[in-house]
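Listed features, source Swiss-Prot:
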type: DOMAIN; residues: 3-201; note: domain 'DPCK'
type: BINDING; residues: Gly11, Ser12, Gly13, Lys14, Thr15, Thr16; note: ATP binding site
Amino acid sequence: MFAIGLTGGIGSGKTTVADLFGARGASLVDTDLIAHRITAPGGLAMPAIEQAFGRGFVAADGSLDRAKMRTLIFSDDAALRRLEAITHPLIRAETDREAREAPGPYVMFVVPLLVESGNWKARSDRVLVVDCPVETQIARVMRRNGFTREQVEAIIAKQATREARLAAADDVIVNDATTPDALAAQVDALHQRYLGFAAAAR
């Protein structure tokens, strides 16, 4: 099936844009949602996470203690690689399954770290980047998550640069001070293009 890889930095509006495509019939496969599912109580990744990191990283309800894990992997690259070695194969298997079962005319992989992960770029026929200025990202995440400016800047520093994302893009949606109608118009135009690409690829 024809596949779009949708990405963007934290606070760019990826989820909003993905939902607009979903409302138009695209089949969404969201790696963040899958990551949350496999680290929820009884999730597929939890036994291996507990074995690798200890019971202290499991919350009382049996889910991953996200705040504790976030603190660890932010300062420990080896711990991040250990976590990714557990979660990435499971996320890959789940995304493959969801893509195979997708009923829509095309599938849209929603992948925050698509540019940083070469295999996601290879799995997508086109890469769509949701773009906005860094200052807009910072303001949105501070407002949405209650993070300090320093916390948001640290997250952004761990992600691909805005320039690297734009260089990887086949298509770009600008979501800065865009009105909802203007954003929807950008989505409508690309959705029609993607329907054409998907039909030609069948």
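For all residues, glycine too, the Cβ spot is worked out from N, Cα and C.
Take the mean position of the Cβ atoms of Gly11, Ser12, Gly13, Lys14, Thr15, Thr16, the recorded ATP site; other residues of that chain with a Cβ within 8 Å of it are Gly8, Val17, Val130, Arg140, Asn175. Among the binding-site residues Ser12, Thr15, Thr16, the residue whose Cβ has the fewest other Cβ atoms within 10 Å is Thr16. Taken as a whole, the domain 'DPCK' (3-201) shows an average pLDDT of 94 in this prediction. Shown in sequence order, Cys132, Thr136, Gln137, Ile138, Ala139, Arg140, Val141, Arg144, Val152 are the residues of the chain, 6+ apart in sequence, with a C-beta less than 8 angstroms from the C-beta of Gly11 (ATP binding site). In the three-state DSSP reading, Thr15 (ATP binding site) counts as helix. A sphere of 10 angstroms centred on the C-beta of Lys14 (ATP binding site) encloses 24 other C-beta atoms. Over all protein chains present, the Cβ of Gly13 (ATP binding site) has 23 other Cβ atoms lying within 10 Å.
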